[in-house]
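Report on the structure given below.
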Amino acid sequence: MESRADIGVVGLGVMGRNLAANIQDKGFGVVGFDADATQRGRAAADGLVAAASMEVLVVGLRGPRAVLLLVPAGPAVDAAIATLRPLLAAGDIIVDGGNSHYPDTIRRGRELAAAGLGFVGLGVSGGEEGARHGPALMAGGDAAAWGRLEPLLTAIAARFDGQPCCGHVGADGAGHFVKMAHNGIEYGQMQLIAEACLLLRHAAGLDWPAAGTAVAGWNAGEDASYLLAITGDILATRDGQSGRPLLELTADRTGHKGTGVWTVEAALGLGVPVPTMAAAVWARALSATRDQGAVDGAYAAPAAPLAAGDIGVALAAASLVAYAEGLDLIAAGAAHHGWRTDRAAVAELWRAGCIIRSATLDRIAAALRAEPGNQSFLDRRWTRGQLADALPAWRRVLAAGADIGVPLPAFAAAFHHAAGRAAPEVGARVVAAQRDRFGAHGFARIDRGGTHHAAWDGK
């Protein structure tokens with residue numbers, strides 16, 4: 001093997017092979033490795049160079065060397081790094097392109113920096129199709145390592161209006177933190193769309209194909225998105241044997257890989273409200289744990305059909321809240337860790353290639369640039385205007401769901417998050433008094449400064 005490859009790819013599963021093929025198509029030399037000989041064989045069949053060992057892969061790289069890891073998050077990443085470290089020299093770079101937890105990325109970056117190696121935590125979104133044809137890429141790490149990788153990464157990234165959906169979003173763990181926030185938004189929006197489908201079926205009275213037509217109609221509007229597009233297709237899909245809508249034959253339960261949990265945990269630690277994301281995580285847990293034998297036979301019939309247009313308006317507003325929660329989490333994480341993460345730039349690099357891409361993101365980026373600062377995105381003039389316009393339809397949707405018993409945890413969480421920011425009061429003064437009564441924690445007064453204590457004994 002000639003020493004000419006520009007980058008090595010470790011992990012030749014579907015994502016690794018597709019990214020390697022993407023890199024090769026863009027004119028860069030790439031050599032891959034996987035411990036599984038079957039995966040190496042598949043890569044070779046796809047026209048890729050597959051090394052027989054990690055040592056052979058490293059020898060086949062042009063110096064200073066760069067190696068991209070696409071292995072499962074956790075111990076597999078540490079094991080791959082441990083194998084690579086003695087084979088690399090100062091100035092070489094390791095890139096983790098998996099869904100690693102950002103604290104692990106921070107730790108790994110520090111350990112490798114001490115050994116003179118560069119490290120980039122690379123958030124990759126778009127699934128196997130994005131990996132092959134252009135993903136959204138969120139890079140975190142030292143600026144020198146990013147500078148060397150930027151030409152290759154921008155070449156393979158998705159494009160929106162000719163601009164690469166790829167960027168350096170901050171130091172050490174910033175790339176994986178931003179990808180984690182992306183995944184939280186993804187959880188929230190997937191659950192919101194699922195609840196909208198329940199409403200179309202049981203509150204609007206549509207069958208599966210008609211519900212698919214409604215979703216496709218929403219996707220033809222100003223809030224078009226990848227998730228709406230695939231959901232329209234899903235609702236229209238029929239079982240090849242019975243001819244029935246395939247969703248009728250699909251078990252009503254789902255799982256997760258834990259990234260949504262990480263998002264909620266990070267938000268709790270930073271004090272950032274993300275109730276829409278949290279509701280989506282709990283909804284998946286509920287689907288996996290409820291007693292199927294205790295399930296009622298059907299929802300109550302609505303007094304009058306709910307308008308599909310109302311559902312679409314409420315869905316667009318709730319999805320905007322999910323975006324806002326992710327962007328607020330990014331702002332808090334950047335402030336806490338000292339990252340200089342530009343939220344408008346993040347919104348722009350999500351406009352193509354990734355799972356949460358939508359037409360709305362262009363308007364979100366413009367709103368962030370029009371009102372700079374780290375205040376909640378829900379407090380921006382543009383956002384408040386968008387949500388205010390949707391409130392009447394949103395209220396009708398929640399009322400209709402309550403009337404017939406359709407659970408709408410994400411719709412309700414998003415509504416109350418948005419409403420709570422603009423409400424005259426949210427009940428916190430009563431909680432503050434309760435805490436002061438039983439725990440002497442003190443409370444703030446609106447007529448004087450400082451922290452105060454009272455007996456709260458009814459006298």
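Quick reminder: no glycine exception, Cβ is built from N, Cα and C everywhere.
TrEMBL names N99, S125, G126, G127, H182, N183, Y187, R284, R435, H441 as substrate ligands; from the candidate set K26, K257, the record adds K257 to that same site. Scoring each of the binding-site residues (H182, R284, H441) by how many neighbouring Cβ atoms lie within 10 Å, the top position goes to H182. In the predicted model, the domain '6-phosphogluconate dehydrogenase C-terminal' (175-457) has a mean pLDDT of 94. Each of the binding-site residues N99, G126, Y187 was scored by the other Cβ atoms within 10 Å of its Cβ; the lowest score goes to N99.
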